[in-house]
Structure formats: C-alpha cells, structure tokens
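Student: The following feature annotations were taken from Swiss-Prot:
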type	residues	note
ACT_SITE	HIS104	active site, proton donor
ACT_SITE	GLU434	active site, proton acceptor
ACT_SITE	ARG619	active site, proton donor
BINDING	ARG114, VAL136, LYS137, ARG138, ALA139, ASP140	(6R)-10-formyltetrahydrofolate binding site
BINDING	ASP347, ASP368, ILE369	NAD(+) binding site
BINDING	ALA393, TYR398, 432-433, ARG460, ASN492, 526-535, TYR613	UDP-alpha-D-glucuronate binding site
REGION	1-304	region 'Formyltransferase ArnAFT'
REGION	314-660	region 'Dehydrogenase ArnADH'
SITE	ASN102	site 'Transition state stabilizer'
SITE	ASP140	site 'Raises pKa of active site His'
Amino acid sequence: MKAVIFAYHDMGCQGVQAVLDAGYEIAAIFTHADNPAENTFFGSVSRLAAGLGIPVYAPDNVNHPIWVDRIAELAPDIIFSFYYRNLLSEEILHLAPAGAFNLHGSLLPAYRGRAPLNWVLVNGESETGVTLHRMVKRADAGEIVASQRVAIAQDDVALTLHHKLCQAARQLLNSILPTMKCGNIPSVPQRESDATYYGRRRPEDGLIDWHKPVSTVHNLVRAVAAPWPGAFSYNGSQKFTIWSSRICPDAQGALPGSVISVSPLRVACADGALEIITGQAGDGITVQGSQLAQTLGLVAGACLNRPPATSGKRRIRVLILGVNGFIGNHLTERLLDEENYEVYGMDIGSNAISRFLLHPRFHFVEGDISIHSEWIEYHVKKCDVVLPLVAIATPIEYTRNPLRVFELDFEENLRIIRYCVKYRKRVVFPSTSEVYGMCTDASFDEDKSNLIVGPVNKPRWIYSVSKQLLDRVIWAYGEKEGLRFTLFRPFNWMGPRLDSLNAARIGSSRAITQLILNLVEGTPIKLIDGGQQKRCFTDIRDGIEALFRIIVNEGDRCDGKIINIGNPDNEASIQELATLLLDSFDKHPLRCHFPPFAGFQVVESRSYYGKGYQDVAHRKPSIDNARRCLDWEPSIAMRDTVEETLDFFLRSVDIAERAS
C-alpha cells in the first residue's frame, strides 16, 4: 500500500518509522522547515526522510493547487498525518482511496485543537492518550480508528509526558497499521457532546496569577516546563521563570504573590504556597530556589507579579464605532481583559457598556457618526485599529427604510474608510454573511463563492449590496493605496445583549429575540414561510474570540483577507431554533412567571416584511480561512447559546411589574 505522509516533530519521526516497519511504501513525506525562533528540541522528519532516501518537501502552502496536483500524481492509497501543523484541504483528503488518517495527542473527542499535551497538564488531568482518526474537513472531528490511554503521574511535566505519548503512539501504530494495510479499517464516530476544543498556547500564557489556587499555579509550571517557554512572574520589572515547583498547603495567611520565605523559596497563592525548586532570572542560568531568591534580591514579605516597569511600548488603541452594539460591547470586554489594549468608542447610547464606563482604559463619547465627523477623524488618526460597526442590520428595516440603510451602512462608513486611507490606519470591517445572497454553494467560500442578489424591485437587498460595495471599495483601496484591512463576515451570532425585547416589539430585532418576545408575552411564534430557512448559529463568545484574533493579527496573517466567522456545525432551520428555544423556556426556573405557550403560526414573508422581501434557503460558511489565519475553531453548541441568550432576556423582564 502506497502512503503519502505529512509529519513533523518527534511524533512525526515515530509515525514515519512505524509506517515503514508495517511494510507500507512511502511515496513522499511533507514536513515543515524549522523556525529559527523555536526551540527545536525534537527530532527532524526531514533528516530522517533524507537518510531513508524518501523524497521530502516543506512547502509554505501544501494546499496550493500546484502541490495538490503533485500529490495526486503520486497516487497514494492512504494518507497519514503525524503532528503536521497545518490543516489539509478536502482536495488532498480525497486523493487517497483508503482515506486520510491523523494522529492526535489526546483521547478524542476531548482536547481537540492545539497543544493538548500542555492543556491536559494545565487542567490537572490524570489521564490522556493518543488517537488515530479519520481526517475530515473539521479539525480532529473524524471517526476514531484506535486510541491508547496514558496515565499522567503527579510528577509528570511537559517533556516526560511528551515522551510517554511518543511511546504510546508507537505502540498504537505498531498495533493498528498492519490491520489497516490489509484494508480492514474499523472506525467509530466521535461523540460530539463530549468534544472539547483548545487553541494554541503562546509564551505569554505562562504568566502566573498568584491569586489562583496553588494547584493551578503548580500545574502551569508543569505544563510549560523546559523545553517549553516556562511559567514566569516579575519582581518589580525583573522577569523570572519557574522551571520546577511543589505544592505547600500552608500559606501562613500571607497575601497572594507575597514571598513567605527565601530558603526554601515559597510564594503565597490563593489557598496555599508554591515552593520554587528551580528557576531562572531573566536570560540567566537555571539555579535552585534559594539562589534564585538571592539573585532577585527577594526578602520575606516582598510582593511578586507587579507590572513590569515602563518599557516604552504603548498600548494598542482600538477605535470602535458602534461600541454599545452587540458585537461592540462584547469585543470591548474581550479587549479590556488584555492589559495592552485601550478602547475608544462612540455610540448613541451606553446601556450595554455601562459596566465599562469607569474603566481606566475605556474612553466613551455619546454621539452619532453622521454628526460627529470631526471627533471620528481625530480618533481615526489617533488610534491603531478602527472597527466601524455601525449599521442597520435587521431585515424589516431593509424594506421599511432602504434609503436610510444605504445612507448609514454605505455612505457614512465610506467616509470612515477614507479616513483610514488618509491616515494609513488598519481597518477591521464588518462585512456580512448577507453578501452571499442567494448563492447556491453548499458552503460559502470567501474567495470563490459568487455573490448573488435579487432584482432591483426587492429592496431587502439594499443591505447586502451596500456591504458588498464597501467590501469591494476597501479591497480596491488595499490594492491601490496600501490600506491595511481585514473583512470579517459574521454568520448569525447570538448571545446575551443581542438587542432588546423593545426592539422586537416594533419588529426591529434578530429572529431569536422576536421568538423570545412571543414566549414572554404569550403570543404565537410566527414562522415566516414555515420557518424552513436554515442558518448556522454562532455563539458570541466564539465569534468575539475570532474577531479578537483578527485584531491581534499574529504574523500579519489577516492582512488583506476576508474571513467568515460562523459555526457550520450549528446549522438549523428557524423552526428548529424555535422548537429548541421552547424546550429551554419550559425548563427555565422563571417559566412560571410567563403565560402559556400560544403555539406556532405560519406567516407569509410578504405579509410580515412587505412585498420587497426575498428570503434565502440556507447560509452556511466555509471557515477554512478562519482556521488558517486565526487558528480558530468554534466550540460552543447551539443549545448552550440558546439557553444563555434566553436566560439573559428572561432576567431582563421586570417580573414584579408583570405580576401587578
């Protein structure tokens, strides 16, 4: 059987050797060039392949059509991926008749995603493992072929667990590969309800929070111990790294982060003390704890983890226009969670952002973007990243007020885009899933799908074409004027503070809010055209995390990109959404305060929205760009989102007033 292998790291070397030992013919190996900035403590797949006389390649983009064609010419019977760091396109996955199989470093469906080795230690797990599974479009979601459990000892650190996993992987592959070679490939579906997903870990994630329980801090030390970057803290402006530690139950009443003793070196946490066994000051050498205390000049009672001294690097200033809106207020919360962001915002109200008004890094002005142009231009010039989030984005308004939609959504936003061009500022612009219109593709691709709208006499398309035209103008400014931009397209984001029940009362709200209002007031749930239209509903937390990563823009990977942000797995019809919502409503502890359910009522779209409306049968995103550019995968189930959204709205109702 002929195999093509994608491999990297020690696991890649183990996988290649196991495939050879099982008698497969390896036509080619694809790997990565080592990153000079990374500590390459692990084995080299390229050197192994070269020594074995096997062709080896390290393309920047293995999914490019040129490489897809070259792999097709190799005519593989089977494809293996052993710790290859990039997702493989569906075109590649479909090249092998026997299928494509990936080795993942956890017991799937738990710990899908990146860095499972480190995450299981961070979370204090007592068991992990390795899993061989079929590869599908979605990362780590295919059927399981085989798995092997690995116990995590209390003294395991990242490197010792890494060695255990490599050994388990070799045993697993030695056991299953001969069977697969004979064409017998048993597999069982993963249980989606048990799936968990974790993203990439960064060196800065090793910062210790001494207010956490001592076990949490100790587990962080274990999870990122050498050769990983390490858990670290500060003594004033001096950074130090902790390489090994142990838990001491008694903090002697000391405040978290304070030094209890220097020999041994012990630091108070929330519920105990951490004894630092070995550590390193700055870029120095590794020493035992008491010597580290001496090097840092620590004394009992000293307080660690103070902010580093001013380094001259100012915070990133983010301008959010429409900051009080659904996306704006949630994004503000995410940005303020990070110390290096400062948020400037404008909106016509502040009810959703009242919790931030006293925050020292949040600066708000109440105003209208169509009036306060001087303030906006000044702050575009002042800030680093601009997000013009102001738009009319409810379907009934497209037919009620098409000219107002055009004036606000296109004309006012175009002026802001031109300020960004003038002052050479990066813009992160909210396009919309509506731009795809009546596209017939099974899933909508940012770079390939056609944007199809209806006739001119259907004003519901005014929003879609206003956004599409701005997309094209922004793209042209990028090509001709060097504007730095990213366009993101949200697909039906839902969550708390989506809009308001008052907006639903006048028909100017999102679908789920209207449905909740019907339940609250005991009126029939109206299913427009039977509610058969399908959408992919996305939790606001998933959406905001993706948007935050666009703002971070690691390696400038988002520049000039269009990125869908949605959850393809949460596809449901409006009728299914209503049924799920009703089920959650009936189970809610406040259910007894509201009227009986009044049933469903089928309504024609023309009578509800007016003659200028057209609907769309389905709207499902491809999220390959988000996976590639953001290392992002949505993880929150639709039921969780519905329950949380419902809970927010029900608790916003004045129960006492209703009772009276």
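Using the three backbone atoms N, Cα and C, a Cβ is placed for every residue, glycine included.
Set these features in their place in the structure for me.
Tutor: The Cβ of HIS104 (active site, proton donor) has ARG112, PRO116, VAL130, THR131, LEU132, HIS133, ASP140 as same-chain neighbours under 8 Å, each 6 or more residues away in sequence.
Of all the Cβ atoms in the protein chains shown, 24 others lie within 10 Å of the Cβ of GLU434 (active site, proton acceptor). DSSP assigns GLU434 (active site, proton acceptor) to a helix in the three-state reduction.
In sequence order, SER433, TYR436, PHE444, PHE491, ASN492, LYS534, ARG535, CYS536 make up the list of same-chain residues 6 or more apart from ARG619 (active site, proton donor) whose Cβ falls under 8 Å from its Cβ.
Under DSSP, VAL136 ((6R)-10-formyltetrahydrofolate binding site) is assigned to coil, being neither helix nor strand in the three-state scheme. For VAL136 ((6R)-10-formyltetrahydrofolate binding site), other Cβ atoms within 10 Å of its Cβ number 15.
In this structure, ASP347 (NAD(+) binding site) is part of a beta strand by DSSP. The number of other Cβ atoms within 10 Å of the Cβ belonging to ASP347 (NAD(+) binding site), over all protein chains shown, comes to 24.
Close to ASN102 (site 'Transition state stabilizer') in the fold, though at least 6 residues off in sequence, lie PHE80, SER81, PHE82, LEU132, HIS133, ARG134, MET135, ASP140, GLY142, each with a CB less than 8 Å from its CB.
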Student: Take the region 'Formyltransferase ArnAFT' (1-304) and average the pLDDT across it for me.
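Tutor: For the region 'Formyltransferase ArnAFT' (1-304), the model's average pLDDT rounds to 95.
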Student: Whole-number Å only: compute the distance from the Cα of ILE369 (NAD(+) binding site) to the Cα of ASP529 (UDP-alpha-D-glucuronate binding site).
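Tutor: Roughly 36 Å, rounded to the nearest whole number.
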Student: Among the binding-site residues listed here (ALA139, ILE369), identify the one with the smallest other-Cβ count within 10 Å.
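Tutor: Relative to the other binding-site residues in ALA139, ILE369, ALA139 has the fewest Cβ atoms within 10 Å.
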Student: Long-range same-chain neighbours of ARG138 ((6R)-10-formyltetrahydrofolate binding site), Cβ under 8 Å, sequence gap at least 6?
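Tutor: Result: PRO568, ASP569, GLU633.
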Student: Applying a 10 Å Cβ distance cut-off over all chains shown, what neighbour count does LYS137 ((6R)-10-formyltetrahydrofolate binding site) have?
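Tutor: The answer is 17.
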Student: Between ASP368 (NAD(+) binding site) and ALA393 (UDP-alpha-D-glucuronate binding site), how many Å separate their Cα atoms?
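Tutor: Computed Cα spacing between ASP368 (NAD(+) binding site) and ALA393 (UDP-alpha-D-glucuronate binding site) is 17 Å.
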